[in-house]
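Some features that TrEMBL has for this protein:
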type     : residues : note
TRANSMEM : 89-111   : transmembrane segment
TRANSMEM : 118-136  : transmembrane segment
TRANSMEM : 142-160  : transmembrane segment
TRANSMEM : 167-184  : transmembrane segment
TRANSMEM : 220-237  : transmembrane segment
TRANSMEM : 295-313  : transmembrane segment
TRANSMEM : 325-341  : transmembrane segment
TRANSMEM : 395-417  : transmembrane segment
TRANSMEM : 823-843  : transmembrane segment
Amino acid sequence: MKINSLRLLTIFLTCLLFLISILLSSKNYLLLGSEGNYFTDFKLIRAVGSSAWVSINAGTGAPNPTLNGLTAIFDFFSLLQTLDVPLKLINATLAFLVYSLPFLCMMWMLYKIMKVDFFTSYILSLFYALNPFSTYHLQGLMFWNTAPLFVLPIIFGCLYKFYFEKFKLFFAFGLLTALFAFSLSNIPYLGIFHIFLFISIIIIPYIHNVKWDLKIVLRNLFITELSFVLFNAWWFINLLRFQMQDLKNYYTTEFAVSWAISAAGNSGIMGRIFSLKTLVTTERNTFFSDFYNSFPMNMILFIPFCLIIWNLFKETGEKENRRTMGTILLVGFILAVIFLNKGVNEPFTGIYLWMLNHIPFFIIFKSPLEKFSVLLIFLLTIGLLQVFKNTKHTWPYYLLIVYVMANSIPHITLNLFPEYKFEADSKYITKLYRDKKGYFQTRDLLNNNKLDYRVLSLPGSNNYQVTVLNHDDNRYYRGLDPLMYSINKPFIAAYTSPTSNLDHIFTNFSNPLLEENLLNIYNIKHIVIDNDMHPAFGFREEENVKKLIKIFSAKNEEYRFNPIYLFGRTEFLPHFYVPKKITVSSEDPKNIVKWASVKKEIRSAIYYKAQNKGKNLETLRVKQDSNNQVLEFKKINPAKYRIVIHNASGEFPLIFSESFHPGWKIYVNPRPPQVIKDYNLTNYQILYGNNKEQANREEVQKFLKQGFLSTLGDGTEKKIIKKKWVEGREEYDFVQNYIIDFISKNFQDTIQNDNLLPGPDYETWFEKPIVDNENHIMTNGYANSWVLNTDKICNEHGQAVCIKNTNGTYDFEIVVEFWPQRLFYGGLLISGATLAISLVYLAGNLVKRRKGKQN
């Protein structure tokens, strides 16, 4: 169906109105807030999601179930950032796409694919984008949460168009789901998507008005599921592993049930569902709650359901069996989704609770009010389409026009992002976020510092959505912390403690000795205190901000970037180290405070028998004298590290201060470490922002003479782009070119050398770990530790791996890797091969068709 210029202009003007409404509502601020819209650095977010292990925003680290950072939308925004597009423009682009894509994709599905007339397509697409649920849901600007609203129409259009063409269905469906994996790899929405897929394949024949054939339905279910698995193997295989192995550690049935009950909502849930107000509350005095709960809107909002029920009764009275059956089936699915949408609310509370407790993986639907509403809105749009297809009356159109016009009022009145009061009438939560010079200075200092360490975030908010004074007129930001999530260092905050057991850090700041020991074992180098943080949900620590500042300023370097206080610790334990003092304890690991309360050697470690059942810890006591090793390491990515061990002898424990997981493995490099014979330090320079932690030229020369550095890089020139703060935004300042990368000072016999080569991704695939699970031990209550036997390693591999020093010790190189990362590479191979074979098959068919036409 061709689209003429007038219709194209109508669509363009509608999108333009979306854009104008967003820009005027934002008032030239960033639009940030709520659970998932905290992006001020898209390149960092993409990097976080690119590995099977998350370190930056997961406290002491955690498995990454989704790998969603590798997909197109994050690459798109990262590209804009690389091109130096202003952050406000990127933010506005994101908001525009969030609001316009549901309308555009539904319009494409109805008008272009299903050949529905333009006016019906237009009014239904506006209903889809402007109903109360969509308006409230979209204002969160969480791309992976809002993306299903535009992905479902695209996928349904694909299913509808290629329903009777097997290969095209397989290819197009797989390609589209891989492209939009950033929305489908969200675990609850992945479940919603497969329910949507099942319903769509069943109802499409009725919409096509063709005979319903069970064989074709089953065939298409098989084709689409197979296509999904093959084209999405690059992230889906890792997700399956997480579901089978790790989910129970983070997501118990008891937790899901408790969450579902607490999030059940207030009374009148069925009325809220039928009026599409599942997310709109009456508790806050906001524009949304006042507007959607007003008497006129309470009448208008029931129009869609009334039209669908009217159509059902009308259809059941007619003789057209196929059309009637399709209507009954669609209404049945809508009612089933409504039942799931209400969750544990009445009626039939016990059924949903039983499903949470007994159906495998159903615990992912602990927040049904939001997740199932997305599917409900889509099915209602299809239901309204059937209403207009099956009637010659015009009054249903007028009713829906009234509905759309009424629901466009938030856009017309520029109330897309309304503020709301909290605690007192003088305090407001706003999504209009003001980036500050102090935030930039903090980011600049920490992000340009190349040393590998953790940051402690204070005050310790009890809720992961922090509340921060952002404007001078008592307007506060609430959501994930944009400052901490824009720093390229792992950080520990109070709200990470439910999965990391970090409470003891936040309850002992007034004990200087205890505080120092705890900060050491958690690899904390810097402390960030936000003076504008507000205790809306309470703070974990007893000390107020002034007291915290006094405690940390007593013996740490202090930087003041209003409203941020930043403290740098002069001594800390690096990410990898060999302990000098070991304690094996039979006590409860929760008593680590007792161990940390005693003055001790900084390179100390404690091993709890309760955390290492079945493993021999007693031999650790005799390994305390192995103190001569010097570690040289590089963090290649969150899932892979390269370590050269110098002066190794006997048996010794290696500690890796990352959350313990059996997936962390150690592999020996089949090649010996490089030996630097000739070197030229003329090109060596201190990199911007690293004057305190980077080794100077004399120190590097000393390291080289001692044999503690394996390489000075491959001679490739690199650059640091320095930014500056000008009139409320970041701007280009200067570029520092360099050849020799960062080399740290010697911290506790550990040197970070970023010149070590990353090595190929496949270098460990066919290697056997050098220590088994019995030697993989938990230490310090959370971290990884391995007992390395120098003689065993070097006797097995000889000079091919180990370099013998004149003092009888050895140098050898190891790789520490989170092995599930290779599931990504294996899955990528499967997905790539599937795409290649499909393209070859498609090209072959194209050649055959052309030859057929010529003949």
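Backbone N, Cα and C define each Cβ position, glycine as well.
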Requested in this report: Report yes or no: does the transmembrane segment (823-843) come within contact of the transmembrane segment (89-111), defined as 3 or more CB pairs under 8 Å with a sequence separation of 6 or more?
Outcome: no
Query raised in the report: Based on Cβ pairs under 8 Å, which of the stretches 118-136, 167-184, 295-313 lies most in contact with the transmembrane segment (89-111)?
Result: 118-136
Report task. Take a look at 118-136, 142-160, 167-184, 325-341, 395-417 and tell me which one has the most Cβ pairs under 8 Å to the transmembrane segment (295-313). Result -> 395-417
Requested in this report: Find the member of 118-136, 142-160, 167-184, 325-341 that has more C-beta pairs under 8 Å to the transmembrane segment (395-417) than any other listed stretch.
Outcome: 118-136
Report task. Please give the sequence-distant neighbours of the transmembrane segment (325-341): residues at least 6 beyond its ends with Cβ less than 8 Å from one of its Cβ atoms. Result -> 195, 199, 202-203, 206-207, 212, 270, 273-274, 278, 308-309, 311-312, 315-316, 348, 351-352, 365, 368-369, 372-373, 375-376, 379-380, 382-383, 386, 390
